[in-house]
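Per TrEMBL, these features apply:
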| type | residues | note |
| --- | --- | --- |
| DOMAIN | 34-475 | domain 'Major facilitator superfamily (MFS) profile' |
| TRANSMEM | 21-43 | transmembrane segment |
| TRANSMEM | 81-103 | transmembrane segment |
| TRANSMEM | 115-138 | transmembrane segment |
| TRANSMEM | 144-163 | transmembrane segment |
| TRANSMEM | 175-196 | transmembrane segment |
| TRANSMEM | 202-222 | transmembrane segment |
| TRANSMEM | 291-317 | transmembrane segment |
| TRANSMEM | 329-349 | transmembrane segment |
| TRANSMEM | 356-376 | transmembrane segment |
| TRANSMEM | 382-409 | transmembrane segment |
| TRANSMEM | 421-444 | transmembrane segment |
| TRANSMEM | 450-469 | transmembrane segment |
Amino acid sequence: MTNRCSHSWSKRENQSSRINCYVSGSTNQMILSTTIAIIGSSIPMGYGMGVLNSPQAIIRIWIQEAMTKKFGIIMSNRQNLMMWSTVISIFLIGCALGGLKGGTLADKVGRRRAFLINYFICMTSCGMFTLCIVFHAVQILLTSQLLFGISAGISSVLVPVYLSEIETDSFRGMAVIHAFGISLGMFISEICGMDILLGSAKLWPCLLCIPGLMTLISLLLYPYLQESPVFIAFTQEDTVQRKHLLINNQNDKNLEKECLLSTESINTYQSEPEKYSIYMLFKERSLHKPIFLTIVLYMNTVFSGINAIVAFGNLIFTSAGLNQQESQIASICATGLRCIMGVVAILLVKKCRRRPVILCAFGGCIVSLAMLMSSLCYHSTVATYMAILSCVLYFISYATGIGALACAISVELLPKNPKPYVMSLATGLYWLCNILVGTTFPLIQNTLGVFSLLFFIFYCIVSATILYFHLPETFNKFSVTENKNDVPDMIDKSSYLPIAN
């Protein structure tokens, strides 16, 4: 028994000493890898989520003409609307499929190769967008939307996991940059979708191909995209290959002290199975609470009312006396505000604790939704400006807390090995809930009017209560200054060892 224990301890020391020698690459290399991931995955994902809003009427006319020319079918307005709903829904279905399989793909082929596969899927879908115009085929448009959705779903899992694995101790929470990339992509899509740019009847196919250009840029920079040190350390047994994890700049002594892998990774890996699956996640009792909190965090981004704010936005702009073009500009400004607050969120994640930020964000969302509901009940100039103010407050609260921290907190809650699979599960449910809200909210809005906001207010209150009592603080939980009492109670505290300085 003593021999077995000593052998196990020496083996553990061997593994720990090998992994502890891994230190981060230069800051420039980390920034470059992050930029490549954001340009090729996060921005195209956000772009795809918002690109079809502006040219909706033009594409619906093209669908009508294509069905008449290809099949001789003259569609009614209701049939045309159903076909358009199919075009939107199939993108979300693809996102759900890609999200559920994204973690498995990242673990099977590695983060770097998963990015490469994702780039090719995105470029293929953009190429098919041009073919649908040439052949006047709606079925090609649907196929390209499905592929584009799969690419976006993979990105929604792959990017947060990857950023959390290449981040340094000096900047924890890099997954928040993924949320900023999504907002930036939506902002770019709304600008490019303007009638005076690419939102015209002749140029809308070019509008749908812009993500392919972003992906091409990342593909050209792909040789500079580093593999995740976590993936290499836990899958490669050849120490010669592991030497690539050492820093390039040996003269910078400070970089040598900045360990890229937390010691939590070492002990978690030793105590967990090498391979996970969705089914195995629910067999591990220690993972039940992190899984639940991760799902709640992702559901918050859907059920906190962002769809309602966007839906009521057009009504608010119309009541303010804006015409169609002015309403489009106002919508672009609102998305630009989300991008600005995304930058603020990056700064907050670096300096602030997670719990106060996200709970304050929920407070802001609840107040702004209540203000919006009250102001929409009255028809006056003051009520209109109050509605606009409530929308601004909501975007600030959502972009700095609920939308930005969902990824950042989730990757900090989860151990390294099951992280891709839990993120896949949460992401898949996120996209399925998007389908649910997108299909049911218009009906609820038509039935209840402004009082449909009560559902989102109630959800925000319930979710904030759950997070207040159950969400642990994850800010700098692996740093040397972390108190053991602050370590989340669902993970073994003994696995957090000081990182040498």
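Quick reminder: no glycine exception, Cβ is built from N, Cα and C everywhere.
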Positions whose Cβ lies under 8 angstroms from the transmembrane segment (291-317), at least six residues beyond its ends: 281-282, 326-327, 330-331, 334, 362, 365, 369, 372, 376, 384, 387-388, 391, 394-395, 398, 402-403, 405-406, 409-410, 413-414, 422-423, 425-427, 429-430, 433-434, 437-438, 441-442, 445, 450, 452-453, 456-457, 459-460, 463, 466-467, 470-471
Any contact, the transmembrane segment (382-409) to the transmembrane segment (175-196), with at least 3 Cβ pairs under 8 A: yes
Mean of pLDDT values spanning the domain 'Major facilitator superfamily (MFS) profile' (34-475): 83
Same-chain residue ranges lying at least 6 outside the transmembrane segment (144-163) that approach it to Cβ under 8 Å: 34, 37-38, 41-42, 44-45, 48-49, 87, 90-103, 105-106, 111, 114-115, 117-118, 121-122, 124-126, 128-129, 131-132, 174-175, 177-178, 181, 208, 211, 228, 407-408, 410-411, 419-420, 423-424, 427-428, 430-431
Contact between the transmembrane segment (421-444) and the transmembrane segment (202-222) (at least 3 Cβ pairs under 8 Å, separation 6+): no
Residue numbers, six or more beyond the limits of the transmembrane segment (329-349), whose CB comes under 8 Å of its CB atoms: 50, 172-173, 176-177, 179-180, 183-184, 186-187, 190-191, 194, 313, 317, 322, 357, 391-392, 395-396, 398-401, 403-405, 408
Residues of the parent chain within Cβ reach of the transmembrane segment (450-469), under 8 Å, 6 or more residues beyond its termini: 293, 296-297, 299-300, 303-305, 308, 312, 355, 358-359, 362-363, 365-366, 369-370, 372-373, 376-377, 441, 444
Long-range Cβ neighbours of the transmembrane segment (175-196) (under 8 Å; 6 or more residues past either end): 34, 38-39, 41-51, 53-55, 159-160, 163-164, 207, 210, 325, 328, 331-332, 335-336, 338-339, 342-343, 345-346, 349, 399, 403-408, 410-411
